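These notes concern the structure reproduced below.
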Amino acid sequence: MGAICSGKEEPEDSSDANVEKQATGPMETFKAVWSRFRYLTEDWLFLFLLGAIMSVFALILDFLSDQASTFHSWAYDQANQIDIGVWRIFATLGVWTMFFVLMLGFAALLTRLISPPAIGSGIPELKTIFRGVILKEYLTIRTMIAKFIGLAFVLGAGVPLGKEGPLVHMSSVVASQLSRLVHSFQGIYENESRSSEMLAAGCAVGVACAFTAPVGGVLFSIEVTSVFFAVRNYWRGFFAAVCAATITRIVTTLIKDHDLDMNTLYQTHFPTGKAYALQELPVFALIGLVMGFAGAAFILFHRKIILFMRRKSMGVFQRHWMIYPLLVAFVFGIFTYPEALGQFMSGRVKFTKTTTDFFKDCTWSNTTYGDTCDESLTNNWTGLSHQDSIFVNLCIFQIVFFVLSVFCGTLPVPCGSLSAAIGLGAAFGRMIGEIMAVCLDGHIESGGKHQEIYPGVYAVVGAAAFSGSLTQTISISVIMFEVTGQIVCSIPIMIAVIIAVAVSIYLQPSIYDSVIMMKKLPYLPDI
């Protein structure tokens, strides 16, 4: 009563409070631990899903491409069985040419109808987004569907166009959509900084899926897209890229390789420590110099053709936009017809399949030292009579496909340029290597011993140099280490790539910056 009168409350029983704390303590601890666990695992789950989804897309594209190539060969064989000579030529020419016309025509038509932003590589637009510019409809599911369908037709055609750029674009779309759809990520992924980090991881995953090169993919994504890069983001790119590359390689091995050998995309077998001699380093540097000029010329011609097609005098191609892709596809089929000019350019072997021949560790020419390749390989490069010079055929291959690659790169379809650069650079390197092998009888005197000359090493160096010149990235060296499965050629590759990139930077912007300038995207170049 006195307590009430004095206005003071009587203290509650302390034993009840202790019981309540003991009841709620374990639950609060569990919630705190669960919250921390979810925070740590959200990134891992997100990145794993990103890598897994993109590996599935890449595997489906490879399967569809193989099926289309098999059908083309079957149809050509059926037409080739006609007994009457003139009709046989018309039938084989029609089958060979119309395949490219239909495939590229459908690619251009469907991409344009579904989502025009899916046209092209996608990396230039991604660079613009990383500069803080919002591009509408670039990261939508509709654009990704158009990219996938168009890319499937392009890869099935076997033209000198790659998939690395479109896969980077598709991967960035998947990363963007996952961050929106997964409700448990909302707390983390609402800020712009984290969204940008996930897009960077998506870029790495795209390259990893294209070449099963996770390390090179991460470095390439940093070098191509980022103005600055936070070191804390490394693990995100590596983890997602490793997931994508691992799933892609395992599934590909289970499907295609019955011996279960985990070979890389262009597996080479050069001897460790004996792949090249010291005297060959100046030749590798010369390859880098030539590839630097060739890459700059490729970028220049690509830009000139696109600007020429935009002139008012070429209005017919702008009003009837389907004419241009159909015309280029028809010309491509005529030039590559296996019984005409195509017999001097690997015959019936598609451009995308020739890189494996260039990287072989055997020698196409007959020399005293070194292993000579089987006739099943060399017959593709000696014409229908199997008597033509491989050097003349390699020159024709490079000149014709250089021009065709430039024109194919201007088509309104989803496409990348890195695969074409690898093929063209490998062809030049192979030619230089074969010339060295013939002139020096297949070996070089090094330290009192006979050092065998491997033209395949020159092909790898040429492929890396031309790719680096076109993209103006040094990380292409790491990608070449991973796609060949060997690092024995690291010094020649680095020398050639650095020289090629330096020459190309001095002469032209990269192929991606060139597209940015032509599209007039709101992009601030480096000062």
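All residue numbers here begin at 1 and follow the chain in the order shown.
Every residue gets a Cβ built from N, Cα and C, even glycine.
Annotated region 'Disordered' per TrEMBL: 1-21, in sequence order.
Tertiary proximity for the transmembrane segment (44-65) is limited to same-chain residues at least six positions away from its ends with a CB under 8 Å from its CB atoms, namely 148, 151-152, 155-156, 158, 163, 167, 170-171, 174-175, 178-179, 182, 185, 198, 201-202, 205-206, 208-210, 236, 239-245, 247-248, 251-252. Sequence annotations record features per position, and here TrEMBL assigns transmembrane segment to 44-65 (among others).
Sequence annotations record features per position, and here TrEMBL assigns transmembrane segment to 85-110 (among others).
Under the heading transmembrane segment, TrEMBL lists 144-162 (among others).
The transmembrane segment annotation in TrEMBL covers 199-222 (among others).
Same-chain neighbours of the transmembrane segment (234-255): 43-44, 47-48, 50-52, 54-56, 58-59, 62, 197-198, 200-205, 207-209, 212-215, 217-218, 221-222, 261-264, counting only residues six or more beyond its ends whose CB sits under 8 Å from a CB of the stretch. TrEMBL lists 234-255 (among others) with the feature transmembrane segment.
Within its own chain, the transmembrane segment (281-301) is flanked in space by residues 402, 405-406, 421, 424-425, 428-429, 432, 436, 458, 461-462, 465-466, 468-470, 491-492, 495-504, 507-511, 514, which lie at least six positions past its ends and keep a Cβ under 8 Å from the stretch. If you look up TrEMBL, you'll see 281-301 (among others) marked as transmembrane segment.
The feature transmembrane segment is assigned by TrEMBL to 321-338 (among others). Outside the transmembrane segment (321-338), and at least 6 residues removed from its termini, the chain residues within Cβ reach (under 8 Å) are 76, 92-93, 96-101, 103-105, 107-109, 112, 157, 159, 309, 345, 347-348, 351, 400, 404, 407-408, 410-413.
Sequence-distant neighbours of the transmembrane segment (390-411) (same chain, 6+ residues past either end, Cβ-Cβ under 8 Å): 104, 108, 159-161, 294, 298, 301-302, 305-306, 309, 324-325, 328, 331-332, 335-336, 341, 344-346, 351, 354, 364-365, 378, 381-383, 417, 420, 423-424, 427-428, 430-431, 434-435. Residues or ranges marked as transmembrane segment in TrEMBL: 390-411 (among others).
Below 8 angstroms of C-beta separation, residues 160-165, 210, 280, 283, 286-287, 290-291, 294-295, 298, 351-352, 354-355, 358-359, 363-365, 367, 370, 390-391, 394-395, 397-398, 401-402, 405, 408-409, 453-467, 469-471 of the same chain, each at least six residues beyond the ends of the transmembrane segment (418-437), sit close to that stretch. According to TrEMBL, the transmembrane segment annotation covers 418-437 (among others).
Feature annotation from TrEMBL assigns transmembrane segment to 457-480 (among others).
Long-range Cβ contacts of the transmembrane segment (487-507) within its own chain (Cβ-Cβ under 8 Å, at least 6 residues beyond either end) map to 270-273, 275-276, 280-281, 284-285, 287-289, 291-293, 295-296, 299-300, 457, 460-462, 464-466, 468-470, 472-474, 476-477, 480-481. The transmembrane segment annotation in TrEMBL covers 487-507 (among others).
Within its own chain, the transmembrane segment (199-222) is flanked in space by residues 47, 50-51, 54-55, 57-58, 123, 126, 129-130, 162-165, 167-176, 229, 233-234, 236-238, 240-245, 248-249, 252, 264-265, 416, 418, 471, 473, 475-476, 478-483, which lie at least six positions past its ends and keep a Cβ under 8 Å from the stretch.
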